[in-house]
Each structure stands twice: as C-alpha cells, then as structure tokens.
Amino acid sequence: MDGIGGETASAAAPLSQWQHDISRLYQYYLDKTTPHTVYRWIGTLFVVAIYALRVYYIQGFYIVSYGLGIYILNLLIGFLSPLVDPEMEVSDGPLLPTKGSDEFKPFIRRLPEFKFWYSFTKAFCIAFVMTFFSIFDVPVFWPILLCYWIVLFVLTMRRQISHMIKYKYIPFSLGKQKYGGKKPSAGSSISNND
C-alpha cells in the first residue's frame, strides 16, 4: 500500500515531465531563431502592429501602453549602454578606450541584442493579453501621458548620447572595416598576351 504522498508524486511526475518537455521544445525553437535577426524583428513589428491596432480600435488601455513605453525605454538604455560603465565601475575586464592611443576594445552591450529582442517582444505580448482584462483599462487623458513619455525619452537619450560622446563609443557596428589596399599602377601592369 502506497503512502498518502505516493499518489500525488506519481501524478505530478508526468505533469512535470510534460512541462520540462514543453520548456525544452520552446528553448529549442528560440535558439534556432538566434541567427535570423531580420526575420525576428519583422515578426516583432507584426506583434507591435497587432497591439497598436487593438489599442486604437478599443480606444483604451493607455496606461498599459504608457507602462509598456517606460519598459521599452529601459530596455533601450540597457541596449545602448556598455557592459562596464567607465563612470561607475573599476574593472579588470575590457574597458572603453578613452584616448585615441588606447588599444581598441570591442563594444560589449549591457543588454545583448537577442535579450533585447526577446524582452521587447515578450513585453508586447503581455501588454496585448492585458488588453483583454478591463481591470487594466484605467481612464486617463492620454495626451498628457504621451507628452510626459516624450519628455522622458528626450531627456534620457540626451544623457545617453552625452555619455557616448564623453567616453567616445558608438553602440552600433556597421560591419567589418574595409580597406582599399594597393592599387596597381599603369607602368607595373603585366600583360598576358603571350
């Protein structure tokens, strides 16, 4: 005869195994999307458009959109910031070069692009689900929230850009730098008319 906990343990085992399998399958497909940056962002733009259309047609949930905007701004700051802030931390790891004679050190983001995309997309999906619950539809005058968010965005970006200028870093890579190399001169060309 099994004890009292025996039946619940045997019933919980398949459920936890199913949850583990679903989690692994989800992570598998998430990992497969990692190299497809453009397609990931196109899918995210589709999710953003669906959310924007829902909020537009319902004419509500502006406080959810405002909270979403603040969260996205926070993600953007993490995406544009270096991993090690030269103002705040002294580290043995790679630092941003502060002089032209300093050795080149690559820009390492505090929030990598994949995590930025994942958090961005997940935030819009959660906000979309929140629009189905009337408890989140707090009546507010949305132009005030929009103006406040724009002021917050401008002030935050001004501070971030001045930080970039002060420590001379650009958080974007435009690809590998290409050099012209040597160009053959007219007198040194060899003809292959033999």
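Start at 1 and count along the chain as shown; that gives each residue its number.
The backbone N, Cα and C atoms fix where each Cβ goes, and this holds for glycine too.
Positions annotated as transmembrane segment by TrEMBL: 38-57 (among others).
With a cut-off of 8 Å between Cβ atoms, the residues of this chain six or more beyond the transmembrane segment (63-84) that come close are 55, 91, 93-96, 107-111, 113, 116, 119-120, 123-124, 127, 130-131, 136-138, 140, 145, 149, 152-153, 156, 160, 163-164, 167, 169, 171. Per TrEMBL, transmembrane segment is recorded for 63-84 (among others).
Long-range neighbours of the transmembrane segment (116-135) within the same chain, counting only residues 6 or more positions beyond its ends whose Cβ lies under 8 Å from a Cβ of the stretch, are 30, 37, 40-41, 43-44, 47-48, 50-51, 54-55, 58, 60-61, 64-65, 67-68, 71-72, 75-76, 78-79. TrEMBL lists 116-135 (among others) with the feature transmembrane segment.
TrEMBL lists 141-158 (among others) with the feature transmembrane segment. Counting same-chain residues at least six beyond the ends of the transmembrane segment (141-158), those with a Cβ under 8 angstroms from any Cβ of the stretch are 62-63, 65-66, 69-70, 73, 77.
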